[in-house]
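Data block below; observations after.
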Amino acid sequence: MSQNQVPKWIQLNNEIMIQKDGKFQFDKDKEAVHSYFVDYINQNTVFFHNLKEKLDYLVENQYYEEEFLSLYSFEDIKEVFKTAYAKKFRFPSFMSAFKFYNDYALKTNDKKKILERYEDRISIVALFFANGDTEKAKEYVNLMINQEYQPSTPTFLNAGRKRRGELVSCFLLEVNDSLNDISRAIDISMQLSKLGGGVSLNLSKLRAKGEAIKDVENATKGVVGVMKLLDNAFRYADQMGQRQGSGAAYLNIFHRDINDFLDTKKISADEDVRVKTLSIGVVIPDKFVELAREDKAAYVFYPHTIYKEYGQHMDEMDMNEMYDKFVDNPRVKKEKINPRKLLEKLAMLRSESGYPYIMFQDNVNKVHANNHISKVKFSNLCSEVLQASQVSSYTDYDEEDEIGLDISCNLGSLNILNVMEHKSIEKTVKLATDSLTHVSETTDIRNAPAVRRANKAMKSIGLGAMNLHGYLAQNGIAYESPEARDFANTFFMMVNFYSIQRSAEIAKEKGETFDQYEGSTYATGEYFDKYVSTDFSPKYEKIANLFEGMHIPTTEDWKKLKAFVAEHGMYHSYRLCIAPTGSISYVQSSTASVMPIMERIEERTYGNSKTYYPMPGLASNNWFFYKEAYDMDMFKVVDMIATIQQHIDQGISFTLFLKDTMTTRDLNRIDLYAHHRGIKTIYYARTKDTGQDSCLSCVV
């Protein structure tokens, strides 16, 4: 492509990298945004004389749903839009504007013209959340236009649209051990995938390869055959060609098929075995870590023989208690393995392909508030959703199915930097909780019965956070420092406090709690023990100054909250989890999730041109605080995630960043340290090719 064919905004964006006086020209990105609007967005946005004409057109032509708009008078709707436009919001970087208009803004059916600006999308989402309450809609507008809170991609993309996918993006399905159950799980996975959801499945109950069916030995194909079916199903069923279907399979490490399961992700694997798009995760109980640490032989088990012997599925049982009994029981079929060799294989595979994800099962369940419903047995596609589940049993045509509890989770994220600048933790957490609750209550997924049942019974939501590294760097705090952990400790304690408080307030307002609340550690009061006995306020003066003007809940406040919950209960069974925040963090001009950045200046290729995205807030005076994840001490990153994790009732999508010079032994050491520090899950392991490094720090 010749220079004059490259759009002006791309040329300006590229000029960031042309040094002037030995420094990058970060201001060129603002010029690129200006050009993008003047030369492209404004030229390609459909013109309407006024808001009335615009809304009438969008409703009549089936772009917007009429139902939620009809809850308001036109004057009220106008007020909400006025609130959004009064902010005079400007995208600070080309990438943030490009991501919004490319991925989220409503366009004409032929995709050629733009029908929504950022303010329009926010107003529509706010009107949808507020359900007829104009004042609340304005509060939501302010929350989103100030970029204090960001709904997840499916919610932000779909809310208010007539032709849309679901507002919930994340589903977890239990799979029972019969052909009826397996085929029903594949069917439900395809239905959810069609709605744009990512689906993860627990395969730990399935018979291992070579187990008996109706006492006929060597009859079963094992979990890999089911994985192949799922792999094809997700590739077939996507959201009308817009979002690709995506799925994950989890397996307990004590399942006999664990080696075959891992081999599906080997780069050299045979086509008959390899799964191309299905992600995989391994569930590791403490017992396995103990056997590896002591360098003892371990056994993996044929799960159906356990079910026949004990009447319970292996993944529902406590391995610390049952492992030796399984080993000693001659009726439980088993195979001997070397646990260290298996951990080495896990490390090798992760440095090769990034998979599998890892869930340390006992770290999850030691602090799980709802073990009375079920322990947590698997996670989701991004390894941050951790909830109780109960397997369904699908019978033949004229018999009644037993519907269990599957999992759905609707997500959203606080933008730490803006919440801290506006000193609005309490307000933001409570409004965000309300918006997520509305999404949960309006979601009704009819073709996934156990998801539908659980959504009504469990009322789970997942509030997360983004821009941790950006906030720390712009305040001159190194991500790996004790001060950074001190900030995170206080901030996430406060998020937890206000999230519990709002959940209890909603329970009081509605006179309703989540199903089986009575057996939870919220009801017994045990959940609050550490908070009424430990002060989580900042230890460093610099960090205390950041919270100036905000009330930090004290142990006394926690005692009062404990009493309030004892009186009114909790509306949500699960409240907090930290998702990876991919494209949505670009729109927010935010560093992703609570992870360190991967690059100070990202290079992206779109079509025939390159674009550059300097990390939000990056400047020559804070360059070294934007340290790249691959240059960090991963043990310190583990410490940061462990600090945050103690305040998050579910999980954190935690990526490991590895250099290609690391050995499998190095990775095993990080894993074992993560396990020791109480980390619940590890998402991808990303490996960087260090042979291509070039130093940019001299040109700031």
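Just so you know, glycine gets a Cβ as well, placed from its N, Cα and C.
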**Asked** Pick from C170, C577, C695: which one does Swiss-Prot say forms the disulfide with C409?
**Response** C170
**Complete:** substrate site partner of T153, S169, C170, N380, L381, C382, S383, E384, P580, T581, G582, S583, I584 according to Swiss-Prot, chosen from G198, G354, G412, G549, is G198
**Message:** Between Y683 (site 'Important for electron transfer') and N380 (active site, proton acceptor), how many Å separate their Cα atoms?
**Reply:** 10
**Request:** Across all the protein chains here, work out how many other Cβ atoms are within 10 Å of the Cβ of C409 (disulfide bond).
**Result:** 26
**Message:** Name the residue among the recorded positions T153, N380, T581, S583 whose Cβ has the smallest number of other Cβ atoms within 10 Å.
**Reply:** S583
**Request:** Please report the DSSP secondary structure of D177 (site 'Allosteric effector binding'), reduced to three states.
**Result:** coil
**Request:** For E384 (active site, proton acceptor), list the number of other Cβ atoms lying within 10 Å of its Cβ atom.
**Result:** 27
**Asked** Which whole-number value in Å describes the distance between the Cα atoms of C382 (active site, cysteine radical intermediate) and Y684 (site 'Important for electron transfer')?
**Response** 9
**Prompt:** How big is the Cα-to-Cα gap, in Å, between D177 (site 'Allosteric effector binding') and C409 (disulfide bond)?
**Reply:** 25
